[in-house]
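S.K.: My structure is below; once you've seen it, I'll send some questions.
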Amino acid sequence: MASWNSIPLEITYEVLGWTAFLSWSISFYPQVILNFHRKSVVGLNLDFVLLNLTKHSSYLIYNVSLYFSSAIQKQYFEKYGYGEMIPVAANDVAFSIHAVLLTAITLFQIVIYDRGSQKVSKIAIAIVSAVWLFAAACFFTALPNHSWLWLISIFNSIQVFMTVIKYIPQAVMNFTRKSTDGFSIGNILLDFCGGLTNYAQMVVQSIDQGSWVNFYGNIGKTLLSLVSIFFDIIFMCQHYVLYPGKKAQVSPKLIEEDGEPLIKPSDHPQSENV
């Protein structure tokens, strides 16, 4: 396994990596806090959250496997050369764990808070079901020959695919409503910063090693950054240029009919002194 040639570049790599971790990790909180204060998820596309959970779960499997498994690392070196560095950093693993947890919390908020007339689409449910069935089939295909690098590469490809499609429902919803009301722009600004620093981290590693293998050796991380940046720019244009300060028109009747949370609070709450 290769080592760093330049200490300043190694420090820069670590700083960029943990900056990406902080930006991407903190990016989940504005939406969670907004949902909590409003006691509503109206304006947050439910398909986006469901697809996001599958995306981050797939990325978690890839990062944890390649970072901790010596068997998979050996297969990586055999494919790309023993002079290369593992393209997954500690900040990638930390981010994936945190992302799955926060996305699950957001999904729980969807269950307990007002959703208006919004529902998870059958298309999103079908996509998620098909993805996990495909992943299961790949697992049993890889099992006989222990093709673990190939298998986690599949999970990496899944996270890229989910990254591409997860933003589309929210972008379309903002366009249809002509508003970004209920969708946290703070999430997008931090996500944009995370995408830039994550990509810059890969550039620093390539410069130090004099090789661009880490870009195609971990194509998922490369595309994750680029796709995130692309859609974040779209969301920023929607929020600041196309629909600045616009409130979506929501029918009160629809909210009354369809806005009840799946878990209702007790009709007779206990006294705070009990």
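Glycine is no exception: its Cβ is also placed from the backbone N, Cα and C atoms.
Curation does not apply to TrEMBL; its annotations are automatic.
Pulled these from TrEMBL:
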- 15-36: transmembrane segment (TRANSMEM)
- 48-68: transmembrane segment (TRANSMEM)
- 88-111: transmembrane segment (TRANSMEM)
- 123-142: transmembrane segment (TRANSMEM)
- 148-168: transmembrane segment (TRANSMEM)
- 180-202: transmembrane segment (TRANSMEM)
- 222-243: transmembrane segment (TRANSMEM)
S.K.: Six or more residues beyond either end and a Cβ under 8 Å away: which residues meet both conditions relative to the transmembrane segment (15-36)?
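M.R.: Same-chain contacts beyond the ends: 44, 89-92, 94-95, 98-99, 102-103, 105-106, 109, 113, 182-191, 193-195, 197-198, 200-201, 204.
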S.K.: Residue list, the transmembrane segment (48-68) vs rest of chain: Cβ under 8 Å, 6 or more residues beyond ends.
M.R.: 76, 86-90, 92-93, 96-97, 99-100, 103-104, 106-107, 110, 120, 124-125, 127-128, 131-132, 135, 148, 152-153, 155-156, 158-159, 162-163, 165-167, 169-170, 220, 224
S.K.: Check the transmembrane segment (123-142) against the transmembrane segment (88-111) for contact, please; criterion is three or more CB pairs under 8 Å, pairs 6 or more apart in sequence.
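M.R.: The transmembrane segment (88-111) and the transmembrane segment (123-142): touching, no.
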S.K.: Looking only at residues six or more beyond either end of the transmembrane segment (222-243), which have a C-beta under 8 A from one in the stretch?
M.R.: 59, 159-160, 163-164, 167, 170-171, 174-175, 178-180, 183, 185, 188-189, 191-192, 194-196, 198-199, 202, 215-216
S.K.: Near the transmembrane segment (148-168), which same-chain residues lie under 8 Å Cβ to Cβ, leaving out any that are not at least 6 residues past its ends?
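M.R.: That would be 47-48, 51-52, 54-56, 58-59, 61-62, 65-66, 69, 71-72, 75-76, 79, 127, 131, 134-135, 138-139, 142, 218-220, 223-224, 227-228, 231, 234-235.
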